[in-house]
């Protein structure tokens, strides 16, 4: 030790102190000694005292009991963010400090968020790897394309193969759709509810009957304009989210448009869900929202109960608008899913309700449904609703249609208007109207039929409505649920009748299935044309004539046809009017459709009885049919013409539409020819049930006083179409207008005389 330097001695002392501290902290104060450590007792005592001081300074760790953790977890499920009062209550009940409660909830929320982010990152990483592999595979195939015909190298000539850019768009579109599905799946799993259907890709607009139009007097749909700038098959949001505008201004505009579209769709979803809830409550049986009339024939809305249960959104309803509401329950001979398919297809919907829907189109499909069915389908639609009279303007409505499945065999479809009712008059004469939550609830029955509860609820401006129809509309009869239900039942009954008759080659009409189908198509086109002439629908380009020498209750319209198939070329003139008659609509219907009495009012009968030569049934009753009538050969001067006629009647009203046609063309149609080759100029009657009590003192267009009869009455609309010139460029003459006006007056007078009415 004598030759050892001071530095070496200091190193030995430091090593002994350091190793002693490691011994006390690492081995918990055991008696084991490290080899080579210093044996100085004073140094060991100093190290032990220092370790004891450090141990006292160290904060004691508190572990919650299983009971405390269980209670905290249970409260966390109910309220992840407790307030100060709730934390104090928990601390008192569990014996913990308020800060301990606060820190536990913070840590628990952080842990939940971390778990969700970790799971989502794993799924995103898997999706990213899969998409990268798919893109690599597609790029490798595009780099060396192979012709499917010869097996050689393909050439991109613009006709046979698609471009690389188009393939990139398709790949990107598929990726975006997959991302939507992934986000929906994550939402379903972590939030316990389905993602709103607004995030599903949109479909391009569709129009009914080959006619596509933009709704008037409404704010333009932003998504339609945006979708025109993106490739086919990509939704508006998808297209703008992946575009790369060249300038900062363009990028800002695209971002603003994208935000506007997202907000608009989110608002649509909120409105659709709220409307669906309102519809379900209004459809509940024995609900206090509905009151039975004294005769028990129909249900009317209890407005006081409705206002207490449903609070209207601010700025939606105006005090100067009239309200109409009705509910009807019935049975249709098809299942609920089949009815849903009819309602969600705009073309089939219009064909099912031809006397109610003048024109319809789908503006935008926000969602086509979930997992391949109509559950969750949401559409923006536009329609024009009509009452078959020139005295009630068409109702033009832009609305949402939302479909939802509420259980096994139970569906609901709701309509609700979107956008405000504008002030001022419309140049086409459309009445202001807003469709409040309306629609139907469907329930399957064991026999294959379905129970339908239909609800109609709307508000409208009656200033453009003739006084003859004021009470008729306000009572809910004009656009009533009864009319919709009756039309749906007629359509389903016609389908079943036609299907059952096709089991044999021929039925009582003597025609095969192809001939009957052609007759029904021809009659449907005739009825549509008749209804458009009565209501002056813009679908057929009718132009209203304003004549000073004619009664305001008689509307005369005209149109020029220079090549429209199924209609005669030239100038067509249509005249229609409506009157009230003190007799039940069934009595008038039976008189008008009686072939033996037709000569008393119809000039086409040539003064003698008519004979039914063909009868195609559209239901179980004989008065629901399409038929061909021929005048008595002894009194007829022209045996080459027959009359095509369609008739139906039910509690909501009656219809008789007819048109003279060439017998040679009809024989061709029955034999399987094209029904569109037959030119039609339809005329007829539309009859609606009514009561004289609410129209006492009013006058008909001919000046006669109405409302004095004690029995039930009806509103009769009569319309005629004539060809005034075979040249479209010809000018309309006053004599032609006077001719069709006189035809209306004489026919009404003949019917009144035959029925012995004043």
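Backbone N, Cα and C define each Cβ position, glycine as well.
Model, not experiment: these values are computed from the prediction.
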Range annotated as region 'Disordered' - as stated in TrEMBL, picked from 157-176, 177-196, 197-216:
197-216
Using DSSP, break the domain 'Homeobox' (55-115) down into helix, strand and coil residues and give each count.
45 helix, 0 strand, 16 coil
If you average per-residue pLDDT over the domain 'Homeobox' (55-115), what number do you get?
83
